[in-house]
């Protein structure tokens, strides 16, 4: 089964907790702190695997969680960090944040990797908090939570050439005779319901990847028929072969078909029309095909000014294997002078600070009032400090209180009208405000 979209949730591993320990050995009085740091949590990483062709692996397996780091140990030893969770994805996978819709990465190179959820750092052990004023601290940090996010995956197959056209114009037959691909072929519309990919080799030795895409109909750009499900796969192609049935066997007008398909391509993505097109006049072995082709050329020429260059037209018969060599040679020549089309600019990608730090202008905290009159503190930085505080140790709690004071939380609460004894809430944790 071909699957080109998927939704998954990923959760990186939590960092291991730091340890509170003291050196207790014979003949070593006042041994001091000896608790080590926790290990780093595993990150979740997507890696391109050329052997994959669809997102089928994500149909039933949609949740991925990396392991947490180990806790710090005595003798100042660090906990073992967890290995990263590597998830294989097919070449051509675009990854978006499901909540913001921002593109995180576009994975197109074999072996390319991208960290979609960063593992939490390990909490510091009490050996890290020793100072001349406090040589035996009973403070250790909890491990930092790993990142967690919902992702949308979209596969856009990598092909140099894309075959487009109405259903039953002979796209699958063309692919089957110029490559070793074996697409499903039938005498009815929408025989092809998934993209097919084949490698084409010309007589001069040039080779390129060709994709046979399901037939388009009017309204495809709005989702009619197979619509946008497969229009996305045209986006990575560099050259479009527009296949037209010149036999007009079903009473269709070849030129009207040509105009209709181009309108759908333009409506879906204006940049698709920047790609060079070759018109493939198929089924030329059928009666009246030559007359239809002549009429088509006249109608096409009427739409172009004298100084404009007309698209190349190649009369062929896929079934009779006629005209194929010249078509393939021309396609290879056009590919050689056509650069790749970038799907995304740098501005399209989510900024790195969303993963690895805080923006300079980011608010450290926010204060709101709950229905029960409690003061609610929130903010990514504040909440991160809170979850890394070991609430079982008085010194850790006092350290967190000093951090809040240093961030200006106490002063901000006073300005908002907080009084002695008011309830202050962070997540599910509550404490009394002391003025």
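Placed from the backbone N, Cα and C atoms, the Cβ positions cover glycine too.
Here's what Swiss-Prot has on this protein:
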BINDING   165-172, 190-194, 212-215, 282-285, 317-319  GTP binding site
BINDING   172, 192  Mg(2+) binding site
DOMAIN    1-158  domain 'Obg'
DOMAIN    159-336  domain 'OBG-type G'
DOMAIN    357-435  domain 'OCT'
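In sequence order, 169, 170, 245, 246, 247, 249, 289, 317, 318, 319 make up the list of same-chain residues 6 or more apart from residue 283 (GTP binding site) whose Cβ falls under 8 Å from its Cβ. Residue 214 (GTP binding site) has a Cβ environment of 24 other Cβ atoms inside 10 Å. Ranking the binding-site residues 168, 171, 172, 194, 317 by C-beta neighbours within 10 Å puts 171 at the top. Residue environment of residue 165 (GTP binding site) contains 25 other Cβ atoms, counted within 10 Å of its Cβ in all protein chains. When pLDDT is averaged over the domain 'Obg' (1-158), the result is 93.
According to DSSP, the domain 'OCT' (357-435) comprises 30 helix, 17 strand, 32 coil.
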